[in-house]
Amino acid sequence: MVCKVCGQKAQVEMRSRGLALCREHYLDWFVKETERAIRRHRMLLPGERVLVAVSGGKDSLALWDVLSRLGYQAVGLHIELGIGEYSKRSLEVTQAFARERGLELLVVDLKEAYGFGVPELARLSGRVACSACGLSKRYIINQVAVEEGFRVVATGHNLDDEAAVLFGNLLNPQEETLSRQGPVLPEKPGLAARVKPFYRFSEREVLSYTLLRGIRYLHEECPNAKGAKSLLYKEALNLVERSMPGAKLRFLDGFLEKIRPRLDVGEEVALRECERCGYPTTGAVCAFCRMWDAVYRRAKKRKLLPEEVSFRPRVKPLRAG
């Protein structure tokens, strides 16, 4: 197996693309493909300041690395979720990455900001841990982006992630949800734009970039992810991919190019300001504030919080690197 560009020994073979490349040309190809996706979907302006959501895993650190190499002012945001040793190691890896490259890192500690980490939040809210965690992360990432002056947030979602989400959405189809799936969610008042520059890279392709660049990342998965439906969807799609290389990419591209443009969701849902935090919501109080208000009420009943303490939605990130 030789590199298609130079004829030297290939380090990465991509059956789905009919391509094999050596280390040097794979890294070049990966960066150029990312840049092509950014330009194709007008994700970012040249040299723009962008907030990168970083967990310490391979996808988010690789994205931070690539965006920095492409000349964007990429600032990392890490949320310490309070999930025991897993969260501690995630923060350590992220801080080391930022420190070694001289990159700016913002950190929000969920427990310091609101009094509870994800395990306690799940118990007190009555939600599944992934649901409570996901809602909190989405809210905090957007709030930090808006209040720190970022127009756009970039996340490391890859092809496997996006194909699995699409698979799940098609099993339980809702036009409004399907119409929102894609590599870009545009900016709105009070809502930063969301972009996914890695949406056409498989998990293996991102991993290959991470390893060949020598990026140290957290290998372990979140302990709360065990049993998640998304893992089942990924397993099913991997089974298809093994027999039909390129199936996941065709599945996602086909939806984005042929089906999504035809989805008519009618008038957009009207957004208003949340009475508690002022951020956009469809009701009087947003889901984030409702959840945390309920958590504080239950915590007080269980004597976990003093009566005089009240939930305050605003957080101020710490600059850690």
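Cβ atoms are placed via backbone N, Cα and C, with glycine included.
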TODO: Going by Swiss-Prot, ALA53, VAL54, SER55, ASP59, GLY156, ASP161 bind ATP; tell me which of ILE38, ILE79 is listed for that site too.
DONE: ILE79
Open item on the list: Let me make sure I understand the structure: which of the binding-site residues listed (CYS22, CYS286) has the fewest other Cβ atoms within 10 A of its Cβ?
Closed with: CYS22
Open item on the list: On a simple 10 Å Cβ count over all chains shown, which one of the binding-site residues CYS3, ALA53, VAL54, ILE79, GLY156 is most densely packed?
Closed with: VAL54
- [ ] Provide the number of Cβ atoms within 10 Å of the Cβ of CYS289 (Zn(2+) 2 binding site), excluding the reference atom itself.
- [x] 20
Open item on the list: Quick check: in three-state DSSP terms, what is ILE79 (ATP binding site)?
Closed with: strand
